[in-house]
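Below is one structure, written out as structure tokens; comments come after it.
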Amino acid sequence: MRVGAEYQARIPDFEPGATKYTDKDNGGMLVWSPYHNIPDAKLDEYIAIAKEKHGYNVEQALGMLFWHKHNIEKSLADLPNFTPFPDEWTVEDKVLFEQAFSFHGKSFHRIQQMLPDKTIASLVKYYYSWKKTRSRTSLMDRQARKLANRNNQGDSDDDVEEPHPMDGNDSDYDPKKEAKKEGNNEQPVQTSKIGLGRREYQSLQHRHHSQRSKCRPPKGMYLTQEDVIAVSCSPNAANTILRRLDMELISLKRQVQNAKQVNSALKQKMEGGIEEFKPPESNQKINARWTTEEQLLAVQGAKHSDHSVFRPFTSSTGICSSSHRSHSNFKSATPVTASSTSCCSCSPPSASAAPTTGAIYSAKANPKSASPTAHPPS
């Protein structure tokens, strides 16, 4: 034993005015102190900006304002420089967590994919607080769970077993009732697991989960009772059905490929345009003035052609119309009767047009001397 004055504690003298704890002993940090010069409306606006744009909660936003000595402009400028710790759960976060938990169970890594701003520790912490309050408040979930258990028990014999106390199921029932059920069903479950390996025991545990007892196919895949019966009727039936489905899939892919090729060929044809399919446009213009060569051709055609070939002959020149050509020819020659000045639709000119032919021929041989007798129309 350590006995003596040197082993005793030194007790200081009593001082009535001294405080028990000094400022140095206080390890806490002041994060907010109200300032009377800031109006409440302006403070609420600052908190709203910090929450909506930067994800701060009320305590973090006020702490930033207190750090800058109640200067709102400096606090707003400094808000983007820090990433707040998302510890506050909004109504949207709670709804997303419940939906993610119904899909993935206690797989918090998958739940975090739906709530990326929450850490795993925050998810676990909220899960246990939510689990405690859910059994007291969620009466609708409790009734739905009971009805689901009854339906599962009526559908198959595999789901008749009650939940085991060691399977970690998160039940919404009353803990006292659960304890009674566990005590009553403990012995039959233990006897049924004799001789089972570890894997068989784990598979048996998974069957106790009422929500996970039904194995659903992946998204986009649908199973019917007829298909399941057809597959299970014989050992080779599954391979036969799958081979047939593969052939149908290959044929559908070929049809799609052929349709793509036809569409690409049509697109290439459309890109070429319709210029090659347009009829050629004639650049010749109709001229009302007659040259000497045209007059000679018209007279020769009228002399050597009958009424049936007069129209194609007049269209062979390609410059003047037939009506204008016949009228201008006989008008420029010697005077003739009205019957001789017919167009292409009338009878061919008579013998009275013979002097005109001679005059035109003489005009071609000697233009100077023939100018009084025949001249082209003006």
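The backbone N, Cα and C atoms fix where each Cβ goes, and this holds for glycine too.
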Query - Segment assigned the feature region 'Disordered' in Swiss-Prot (from 257-276, 317-336, 337-356) - result: 337-356
Query - Of the residue ranges 58-93, 238-273, the one that Swiss-Prot records as coiled coil - result: 238-273
